[in-house]
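Pulled from TrEMBL, these are the features on record:
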type	residues	note
ACT_SITE	111	active site
ACT_SITE	146	active site
ACT_SITE	163	active site
COMPBIAS	279-293	compositional bias 'Basic and acidic residues'
REGION	241-307	region 'Disordered'
């Protein structure tokens, strides 16, 4: 059966009940089949993929390959039943709890689940930037949607994920620009006879697994029917620049480590720091972005205080 529990590990009752109900709907003797499977004692044990563990000296590219290999070993979920309910509006800490559950149950997953799992497994790679990339394509009169986790390490772009198609999931971080990465996906879709219609790009995801922030899934929405090729490329590079500026300005919630560093800093540095903050603000590209960032700072600091 397609949903045999891997290695006999217990799976929470709601997940199993969804499976049995699905069997009952699509199989002529679904209830009887489900009961026979549940009572079987001689089912073969399915190998459980091991969550990758890294040495501090392991290079980031090798870690990404190991994470992708683990995601691939879970296999793509072809059953038609989604085993994990993912609400994009949940805070990051809740999604990380769900990712931990995925590693325990080791069930097949789909693309959105792979993105959440990719974030969870790369949280300790603090030099790696992660952001969601969503695609909308058209084929044979129907629209299809897919999502991967974009990554940026050392100025090179790549992606983690899972798909029915090998060329629509993992991309090693070798692309010099974000536009090169997206164009590579577009070419892969073209080889599958799909026409790329829209690309949605999110902002970088926090590395704090306990963050109450929500993932920003669609900061930039690019409609290819309304953009020339050159405009599409410029919008992609503009989004990449926005992500770099956001990281450079530190608009994310400050970590406790950073707060402690401020507390123990010398009096001279403490007195000068407000002036440096003001000067950085003066160098922002536009007044509109400056006001948006300044409004976001108190809210995010508030989140940190509540945590």
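Glycine residues also receive a Cβ, built from the backbone N, Cα and C atoms like all the rest.
Annotated features, which come from TrEMBL, shown on the structure.
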residue: 111; record: active site; Cβ within 10 Å: 21
residue: 146; record: active site; Cβ within 10 Å: 22
residue: 163; record: active site; Cβ within 10 Å: 18
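Note: the Cα of residue 146 (active site) and the Cα of residue 111 (active site) are spaced 7 Å from each other.
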